[in-house]
Structure formats: C-alpha cells, structure tokens
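First the structure, in the form of structure tokens, and then the observations on it.
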Amino acid sequence: MSAVVEDKSKRLGRWYFGGLASAGAACCTHPLDLVKVALQTQQGKLSVVQLTAKVVREQGVLALYNGLSASVLRQMTYSMTRFGIYEVGKKHINTDTFLGKITLASLSGCFGGIVGTPADMVNVRMQNDVKLPAEQRRNYKNAIDGLIKVYRQEGFKRLFSGATTATGRGVLMTVGQIAFYDQIKSMLLATPHFQDNLATHFTASLAAGAIATTLTQPLDVLKTRSMNAKPGEFKGLWDIVKFTARLGPMGFFKGYIPAFVRLGPHTIITFVFLEQLRLNFGITPLQKA
C-alpha cells in the first residue's frame, strides 16, 4: 500500500510565524532602516551615500547596527501582533475577496501599530543617535534600557508618543504588505505559470513592498519626527505636518528611495521566511494548532 504524499502547499501558517519572519528580516535590513531614519530627521542635504559614509567614517561599520535590539523587539511586538491577528482572523472574516483581506489587514495593522509604538520609539531614537554629537546622544544600552529610561525620565504617556501616526502607518503598511501580498499571490497562482514556490513568493512580495512603501511614506516621515522630537518641541501632529511642509510636498516623501531599498528587501525576506516556515512547519488542515 503506497504512502499518501502530503501537499505542503495546503499547510497553514501558525500565528507567530509572521513575527519570527519579520525579526529575521530586520536583522538583515537594519542598516538600511538606520540610514532611512537619519535621512528623515536631518534638515540638511546629505545623500544616502554621503550620510552612510559619514556614519561609517566617524563611528565605524558597527554603528550601522545601532538599535538592532529595538528593531527586533519592534518586530516581535508590532509584526507579531499584526501577522498574528491576520492569521487568526481568517477563521472569522472571509478573505476570499480583496475587500475581506483589506478589512482584516486594517484591523490587524491598527492593533499592531499601538502595541509596537514603545519599541518603535526606542528604535528610532537609537538609530538617530549615530548622527548626533556625542553630548546630545541618548546612549540607550539596548531596547529594554531605552524603554525603562523613557518611562522614568519622560513618563508612561511618552512611550506612546507618535501612536497616532504609528497606528495609521501600521494600517497602511499591513494593507500594502499582507493584503496586497495575499491578493497578488492568489492572482499569480490562478495562472498556469506560477506554483506555490520561491519565484511566486518573491514576485508577490516585491510588488507588495513597492505598494507598502508608497502608501506609508508620508506617515512614516511624520512618525519618525514625532518619536525623535524633544519634549515640547511640537504642539501636536498638525505642528509636525507644518514643519515638514516647509520642505515642500516632497518633504513628506523624504527618504523614499532608502525606504523602498529597505522595505523592499525586508518585505521579500519576511514573506520568503514566512512561506518557508509555513511549508515546513505549518499546520495541515486536519491538524489542531
């Protein structure tokens, strides 16, 4: 009697796979994220190459990994939440339609943005330290040290500074990444030219990365400025909008190229890792989670 060969493509992901995949991707793309933050917060005219060279020249190559612990913590809170809710939510919201995917992704991104705000703030601050004079740096030892210092020195409320823009960005990011990835992947698999393999995962995630970058860049710039601001520097979100608008319409898309250069590979690596986790360690339809 011949053994039944399982079709791995039918396997479902576990709720925490997205957080693990995102954390792995963050370790690969962190230097690009650091340069993006530095570009968004500077008021000067340094290019990507000039700014990167300046950081390496003054502080060494390892400075490009400043704030890595915060970046990983952010993915394990922000991405774990949004991917987890999306995966579990599929049982309750019909994602066979694109509208269903967008609805669930928006809900997932909203909660992910809120949960991930404290780690996101520390991440932005630790990355921004590399371009500040030594006497102005916050010098957090790691993500946990940063969270404790913000709480003690600035209060609990400050941990959620920028939560409005972070939540809005989380919604747009999750729609751009997860909903569009799911939709594009489904469309590709519906043709005779694609199977559930690396080529399909790469193509769908590259497109999703470009869409997500375009949707989120204006809010990303505002979020970065809000989280990096000194207490009392801005009166509110509208004050940050006016400050950014002084640079012209393109001020809201400052750092777009490095943002895409970072988010594109990050999205690709995240979904490639995620799909490999699903195919190799996922749940079969008959198996309980």
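Note: Cβ is positioned from N, Cα and C throughout, glycine not excepted.
Where the annotation comes from TrEMBL, it is an automatic prediction and has not been curated.
What TrEMBL records for this protein:
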- 9-92: repeat 'Solcar' (REPEAT)
- 96-187: repeat 'Solcar' (REPEAT)
- 196-280: repeat 'Solcar' (REPEAT)
Provide the three-state DSSP residue tally for the repeat 'Solcar' (96-187): helix first, then strand, then coil.
79 helix, 0 strand, 13 coil
Looking at the repeat 'Solcar' (9-92) alone, can you tell me the average pLDDT?
85
Can you count helix, strand and coil residues in the repeat 'Solcar' (9-92) using DSSP?
66 helix, 1 strand, 17 coil
Structural state census, the repeat 'Solcar' (196-280) (DSSP three-state):
70 helix, 0 strand, 15 coil
